[in-house]
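Structure record follows, encoded as C-alpha cells.
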Amino acid sequence: MKQTKYIFVTGGVLSSLGKGIAAASIATLLKNSGLKVSILKADPYINVDPGTMSPFEHGEVFVTDDGAETDLDLGHYERFLDESLSQDNNFTTGRVYQSVIEKERRGEYLGKTIQVIPHIVGEIKDRIKKAGEGKDILIVEIGGTVGDIEGLPFLEAIRALRLEVGKNNAMNIHLTLVPFIKAAGELKTKPTQHSVGELRRIGISPDMIICRSEKALDRDLKDKIAISCGVEKNCVIESVDAASIYQIPLNFLKQDILSPIAEILDLKNLKPNMENWDSLVKRVIAPSNEVKIAFVGKYVDLKESYKSLTEAIIHAGAALDTKVELKWVDSEKLENMESSEVFKDVSGILVAGGFGYRGVEGKIKAIQYARENKIPFLGICLGMQLALVEFARNVLKLKDVNSSEFNEKCQNPVVYLIDEFMDTNGEKQIRTAKTPLGGTMRLGAYKCDIKEKSLLAKVYNEVKSVKERHRHRYEANPKYRADFEKYGLIVSGESKGLIEAVELNCHPFFLAVQFHPEFTSRLEHVNPVICSFIKAAINYEDN
C-alpha cells in the first residue's frame, strides 16, 4: 500500500466523550487485521505541550520514549496498539504557531504575509503527513469539540487534506453524544443532528457516526440518525458505556465496524484476530481473585492524573487473573491520620509521583509504615526520592533531611538538583533552579543497569539492563549511597552514575524506582515492576 490512508476522528456536543478510546479501538482492529497503523492527536490549545500544565487542568502528562510530553490520549494509543509512539504523534496549536513563527524569522517564507491559510493550515497538514509516513493507515484525532474557535484551523486542514489525497484515501468519523433523558424515558438524537450540521457548515461531511450513550440504540433510532445526518445505515455505530475500555474494540467488532471502513477506504480482508485480547478482557471484567492496595497520592480527587498507573494496575490484574481494588489515600490528609487505621485492610502500598511540597509528609508516613510493617511497597519517581528521605530520617537518624526541591537550605539533601545530564539524544543539558520549567526535565527512555541477584533483577527476569521512561528534575544524591547500603537500602539500578532504583534487602517486597514503569505497560504486555508488586501483594494477603 503506497498511499497512506487517513481516518479523521472529530467530536461533537461536548468534550470527554472518548474520542481517544474510539480512535485507539479502531486502530487496534486495523492492526490486528495485518495493517501498519499509527495514531496522531492534534490538540487545539495554545500551550506548546502539556508539560507545565496542572494535573487539575489537563490530567496526566504522558511521556514517550523520545522524551515528548504529550496528551494522555497517547497513553491510550500505546496501550491499545502495543507500540511506542513519538513526538510526531502529538502536536498543539502552540507548537504549530511556534514552528511557523520560527520559519518566518529565518526568512523561509520569502517575505510573504503569514496567514492562517495557507501557512498555519499547511503546517498542520505537513505534520499529519509526517506522522503517517510508512504506515498503511493514520488515524488523526482532533481534540476539542466541533464549534470551538480554536479547532477551526485543524478542521480546515483535514478538509483540505481529504480533498488532496482523494475520496478512497481518507474518511471522517464523528463521535457524538446521544443523551438519555430520564424524564422522557428516551434517547435524544437532536444534539447529534446539530453537531453534524455544524461540521457540515465547516465543509466536512462525516462518513460514519459513533454514538456515545448510556443505553443501546434500537434500529429505528440508528436509521433516524443515518437519514438525518446523511450517512449509510451501517455507518451508525453505538458506543454504550462499558465495564472496561478494553471492551470497546470488541463491541465495535460485533457491530461490523470494519466493513464500511473497508468499503470507504478500498481495503480488503479486514479480519482481525482478537482472541488474546478477548481472553484478557474477560479477566479484567470477571477475575478469579481480588486484592486491595493503597494508592497514596496528592491528586486523588482527579484520578485522570494517574491514568497510566491505574491502567497498568488493570493490566497486572488481568495477567494475574485478579481484581486489584484501589484504596485511594490523599497524602495531604494522611499527615493528620493514624497510619495503622488507614492501612489496616490493604496488602500493598503504592506511593505515586508528583510535584511540590503539599502532601509530601503524608507520603513519607506511608513509606515508613510499609517499611516497618513489611507490607509490599512500590515507590515511583517522587515515591523513590521520599523513600530515601524516610530512610535517612528514621534509620540513618540524620538531622534536617529533605529534598532540595522542598528545602534548598536543609543540612542533608538526600535528593538534589543535578546541573548537567545527557538527554535521550546523547546531548548534554544544563539546568539550574532558575531554568524555565517547560521541557527542561530528564525526559524519555534511559538505560538502567541492574544489579545482579537483586529484587530488581528478579523482577526483570535477570536481564542486565532495561530502558524505562523518566519525567523528573531532581535526583538521588550519591553522597549518601554508602550509608544507605550499609544499613540495608541497596541501589539496584543505576544509569551513568544516577541512582535509578533502591530496595530493602530485609523486606518481602520494598522497591522504589526513579522511572515511570506505567508508561510502558500494555494490556498484552504488562510492565514487570507493576506486575511483580501486585503479585507480592497477593502473596502477602494469602499468607
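The chain as shown is numbered from 1 upward.
Positions of Cβ are set from backbone N, Cα and C atoms, glycine also.
CTP is bound by Asp148, Ile149, Glu150, Lys188, Thr189, Lys190, Pro191, Thr192, Gln193, Lys224 in Swiss-Prot, and the record lists one more residue there from Ser15, Ser16, Ser25, Ser403, which is Ser15. Record check: Swiss-Prot places Gly354, Leu382, Gly383, Met384, Gln385, Arg473 at the L-glutamine site, and the matching candidate among Glu335, Glu338, Glu405 is Glu405. The ATP site recorded in Swiss-Prot comprises Ser16, Leu17, Gly18, Lys19, Gly20, Ile21 together with one of Asp66, Asp71, Asp73, namely Asp73. Its Cβ placed at the centre, Lys190 (CTP binding site) has 11 other Cβ atoms within 10 Å.
Of the residues the record lists as binding CTP, namely Ser15, Asp148, Ile149, Glu150, Lys188, Thr189, Lys190, Pro191, Thr192, Gln193, Lys224, the two whose Cα atoms sit farthest apart are 31 Å from each other.
By the criterion of other Cβ atoms within 10 Å of the residue's own Cβ, the least surrounded of the binding-site residues Gly18, Gly20, Pro191, Gly354 is Pro191. Across the fold, the C-alpha of Gly18 (ATP binding site) and the C-alpha of Lys188 (CTP binding site) stand 19 Å from each other.
Thr189 (UTP binding site) falls outside any helix or strand according to DSSP and counts as coil.
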